[in-house]
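Taken from TrEMBL, the feature Zn(2+) binding site covers CYS84, CYS89, HIS164, HIS169. The region 'Disordered' annotation in TrEMBL covers 226-251. If you look up TrEMBL, you'll see 236-251 marked as compositional bias 'Basic and acidic residues'.
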Amino acid sequence: MDWLMGKKARPEREKERERVGAWGTGDCSLYLNPELLSARVTDSDLALLSRLPPLVERREWLASHATMFFNLINLQFSCVSEFCTAESCPCMSIGHTQLCWQDGERSKKVRVTAPQYIDLALSATQRLLTDDSIFPTKYGQDFLPCFEAVARKVFRLLFHVAAHVATAHFSTSASLGLHPHLNTLISHLLVFAHEFNLIPADEAAAIASLASALLAARASEADSHKLAGSTSASQRGDDVSPVDENHFVAP
């Protein structure tokens, strides 16, 4: 009962720390490991899923995806938040790029720790997403003229959080078996943001190596599936037609 009284960490937390220790606390370039990056929770065509469907209003599409990505990224970070501390992450970083917090365009940039930045980013994003005047939820309610500018801000902040988790806490995610979810989330976010030009190119470039590695992992696995399918078809004597299997678009 000691762990219940706070004298010891809960048994499951101890096991988590042991698994994290097996990978090490420093991620370095572990997030570029092809074997780990090839793990995904779906083989769906992310470019097709991101494309604006016919008869769907563009702003409705952006709004619904902003809420979806917020929930997924918030959940992904909550799983590793225990390991994102002022000591382990004294500054907000995406790979080798450091970020400062800025409340508004005219306010001064402030250097904060990664957990502080993420808390500010998620809180600001949630306030925007729950503001009915910006993200309307009632039928017939119009979007404001500034909606897309606000949507780009939301996606930028969500990208910062997701990219930090992917580059600074990939080993933790892998130790907890969450890397397939993280890989899929990052891939989908990058594809969607590229489709609608939501993230500035200079910021997306901060994880260019990760985007390229994800692309290579998807292409490699697609080639393996294609080879397996060709072998199988050859054994049956079927004709095999070439397939355009790579739809991932790096920003």
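Here the Cβ of each residue, glycine as well, is placed from N, Cα and C on the backbone.
Predicted automatically and left uncurated, TrEMBL annotations should be read as such.
Note that this is a predicted model, so its numbers are computed, not measured.
Shown here: features listed in TrEMBL, placed on the structure.
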residue: CYS84; record: Zn(2+) binding site; Cβ neighbours (10 Å): 19
residue: CYS89; record: Zn(2+) binding site; Cβ neighbours (10 Å): 19
residue: HIS164; record: Zn(2+) binding site; Cβ neighbours (10 Å): 25
residue: HIS169; record: Zn(2+) binding site; Cβ neighbours (10 Å): 28
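Summary of the Zn(2+) site environment: with the site residues CYS84, CYS89, HIS164, HIS169 set aside, the chain residues having Cβ atoms within 8 Å of the Cβ mean position are VAL80, PHE83, SER88, SER93, ALA114, PRO115, ILE118, VAL165, ALA168.
HIS164 (Zn(2+) binding site) falls within a helical segment according to DSSP.
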